[in-house]
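K.L.:
Pasting in a structure now, in structure tokens, and then I'll have a few things to ask.
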Amino acid sequence: MQDQYILALDQGTTSSRAMLFDRQGNIVSIAQKEFEQIYPQPGWVEHDPQEIWSTQAGVAAEAVTRTGLNGTSIAAIGITNQRETTIVWDRETGQPVYNAIVWQDRRTADFCDSLKKQGLEAKVRAKTGLPIDSYFSATKIRWILDNVPGARDKARQGKLAFGTVDSWLVWNFTKHELHVTDVTNASRTMLFNIHTREWDSELLELLDIPRSMLPDVKASSEIYGHTKTTVFASKIPLAGIAGDQHAALFGQMCTTSGMVKNTYGTGCFLMMNTGDKPIESKNNLVTTIAWQIGDDVQYALEGSIFIAGAVVQWLRDGVGIIKTAAEIEALAASVPHTDGVYLVPAFAGLGAPHWNARARGSVFGVTRGTTSAHLARAALDAIAYQSLDVLAAMEADSGISIGELRVDGGASANDLLMQFQADLLGVDAVRPQITETTALGAAYLAGLAIGYWKNLDEVRSQWQLDRRFAPSMPKEQVEQRMAGWQRAVRAAKAWADDTQ
């Protein structure tokens, strides 16, 4: 097995990617292809499931062949994916009955409101760890059954299959033989009991979704089956599955209770490992399964921030004060602080821990002396402040004081932002050498299942530090800044409340 590699497939919201990793956890090859975003109506977001499959299969082959290798060089495949996105297909033909309804899609928001009005939120949260929201898969499945002609009849006859993106890829890689998912993806459907780790019959009945549609739920690291497609001539074990944020938590080696990672992308996704027991959040966080390896199940708390890197894109495309996103660090660093300016980037409402859909983006503290540099710095600071709000909620829910924050994602390359994040938290922000932690996590899960890596300790030893950012700002200064931020958030919420 000396010359073999692990292939990680990273099926994201805007592109399908594939990466080859060697035994040291280094990236050997990478391929990526974007695909179409479909917006049939305002608030609706869809993907073509066949395009998800064709782009993912295409980059898988490309990542392997561009290094002069073939399928025999692949020891196993690990899959990580955009979560919650919902695909329903015909078991006989393998054809989708409707486009994939993407996690961002809000078409079922009114139906979710009606469930809340029936007083069901506490029950759903107790079973699934999730609030009732159109973000999750359950109401998307129901929408397809209610709105695609003949779908409900076919579903009752056992002729339809539902899957999140991982299930759809495995179904196609095995030529319609395997209909499986893992516990992490199942835990994002709003149909899965995270305590019993089974599909919940009461929730299925409530939403009128036949049990026969659902995939078998497996661990995140086991051999599910082997590839049977023409993508690879040889049969390759499919051996790891995890939703993208769960895979990133594993790739960051946040393997013990209290360890936290923050992925800085378009939004921010913070996840804390809470060990072998789920913690019900009292602070508007989501409780979820982190992963399962063998009989060992780890749980996590998660908080999502809607706008992080997107605020930098707005400064570039909407306001025009920078030409490229990379310019923001130098512009922001040209002033020592924001001079009292606060930017609350609630362009799409506020996510965790506020969950205020009506709040809107606001800038406070502007004076005649305010410059584009102050705005740029306020934008970066806002990413760190929002992350702090979620981390404070995590500490309150878990009773665990955070020792350090492991960071990844595009904006983690911004040293100014990382330093300010450490200053606010009062603990180190730690950046690894390999920031492709989502794909790496999927690779590790697959490799562990087949013995490519012996155990968790061997994998842990591969995590390498790029840079550690230690807090250096005086405590009273931090408290003053945080008080200003909290005031700005209160003002943004008040603005929203006054529009009633």
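Backbone N, Cα and C atoms are what each Cβ position is placed from, and that goes for glycine too.
Because the structure is a prediction, the values reported are computed rather than measured.
Okay, so Swiss-Prot annotates it like this:
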BINDING   T13, R83, E84, Y135, D244  sn-glycerol 3-phosphate binding site
BINDING   T13, R17, T266, G309, G410, N414  ADP binding site
BINDING   T13, T14, S15, T266, G309, Q313, G410  ATP binding site
BINDING   R83, E84, Y135, D244, Q245  glycerol binding site
K.L.:
Highest Cβ count within 10 Å among the binding-site residues T14, S15, T266: which residue is it?
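P.N.:
Most Cβ neighbours within 10 Å: T266.
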K.L.:
Can you tell which of the binding-site residues E84, D244, Q245, Q313 lies nearest to R17 (ADP binding site) in space, using Cα positions?
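P.N.:
So, spelling it out, the nearest of the binding-site residues is D244.
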K.L.:
Restricting to the same chain and to sequence separations of six or more, state which residues have a Cβ under 8 Å from that of D244 (sn-glycerol 3-phosphate binding site).
P.N.:
D10, G12, T80, N81, Q82, R83, T438
K.L.:
Can you tell me how many other Cβ atoms are located within 10 Å of the Cβ belonging to R17 (ADP binding site)?
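P.N.:
R17 (ADP binding site) is surrounded by 23 other Cβ atoms within 10 Å.
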K.L.:
Excluding near sequence neighbours, so keeping only residues 6 or more apart in the same chain, what lies with its CB under 8 A of E84 (sn-glycerol 3-phosphate binding site)?
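P.N.:
Once residues fewer than 6 apart are set aside, E84 (sn-glycerol 3-phosphate binding site) is near W103, Y135, F136, S137, K140, T164, R188, T189.
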K.L.:
Excluding R83, E84, Y135, D244, Q245, which residues of the same chain place their Cβ within 8 Å of the centroid of the Cβ atoms of the recorded glycerol site?
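P.N.:
Neighbours within 8 Å of the Cβ centroid, excluding R83, E84, Y135, D244, Q245: Q82, T85, W103, R188, G243.
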K.L.:
When you measure from the Cβ of G309 (ADP binding site), which residues in the chain that are at least 6 apart have a Cβ under 8 Å away?
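P.N.:
Listed in sequence order, they are Y264, G265, T266, G267, A325, I383, G409, G410, A411.
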K.L.:
Just counting, how many other CB atoms are there within 10 A of the CB of N414 (ADP binding site)?
P.N.:
23
K.L.:
So, in DSSP terms, is Q245 (glycerol binding site) helix, strand, or coil?
P.N.:
helix
K.L.:
Using only C-alpha positions, which one of T13, S15, N414 is spatially nearest Q245 (glycerol binding site)? These are the binding-site residues in the record.
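P.N.:
The answer is T13.
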K.L.:
Can you see whether DSSP assigns T266 (ADP binding site) to helix, strand or coil?
P.N.:
coil
K.L.:
Which one is it: of the binding-site residues T13, Q245, Q313, which Cβ has the fewest other Cβ atoms within 10 Å in this structure?
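P.N.:
Candidates: the binding-site residues T13, Q245, Q313. Fewest Cβ atoms within 10 Å: Q313.
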